[in-house]
Structures are given as C-alpha cells and as structure tokens.
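**Student:** Questions regarding the structure given below will be posed in turn.
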C-alpha cells in the first residue's frame, strides 16, 4: 500500500484508519464470494475509526516515541 503523505498526526490517524479497512477486508478473503461483501458499510468505517482512535491515546503515542512524559 502506498500513500503520499506528510508527517502529521492527522496522516498517522488516516493511515491507521485505512489499514483498518484493509484488515477488515482480509477477514473475508476465505469466505465464499457471496459472503465477501461487508455485513454493513458502517462496520468498515467503525473498524477504521477504532484503529485511528487507538493510535491517538497518550499511552500509545508515548510507547512509539511521539510523546514525552
């Protein structure tokens, strides 16, 4: 996956949101074709939002070295 970004917090959140979509699609890859569509379009956005929210916590930002104590 390639994306032209600048190094900002917003882009960090966007990248994780988009990876949430990818991971959600990967969960369907072994299903029969008729089941490969998402259960509900809102689920895709919810998964992406959960991932972007999870990387925005102070604990995580500190762990990856983006936030001082």
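Keep in mind that glycine also has a Cβ here, set from the backbone N, Cα and C atoms.
Bear in mind that the values here come from a model prediction, so they are computed numbers and not experimental data.
Sharing the features that TrEMBL gives for it:
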type     : residues   : note
ACT_SITE : 18         : active site, proton acceptor 2
BINDING  : 17, 21, 45 : Zn(2+) 1 binding site
BINDING  : 17, 21, 45 : Zn(2+) 2 binding site
**Student:** Go through 17, 21, our binding-site residues, and report the one whose Cβ sees the most other Cβ atoms within 10 Å.
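**Tutor:** Its Cβ has the most other Cβ atoms within 10 Å: 17.
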**Student:** Would you count the other C-beta atoms found within 10 angstroms of the C-beta of residue 18 (active site, proton acceptor 2) for me?
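**Tutor:** Taking every protein chain into account, the count is 15.
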**Student:** Residue 45 (Zn(2+) 1 binding site) has how many other Cβ neighbours within 10 Å of its own Cβ?
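**Tutor:** Excluding its own Cβ, residue 45 (Zn(2+) 1 binding site) sees 15 Cβ atoms within 10 Å.
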**Student:** Starting from the Cβ centroid of 17, 21, 45, which together make up the recorded Zn(2+) 1 site, report each further residue of the same chain whose Cβ lies within 8 Å of that point, ordered by sequence.
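**Tutor:** Result: 18, 20, 24, 44, 46, 47, 48, 49, 51, 52.
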**Student:** How big is the Cα-to-Cα gap, in Å, between residue 45 (Zn(2+) 1 binding site) and the residue listed as 'active site, proton acceptor 2'?
**Tutor:** 9
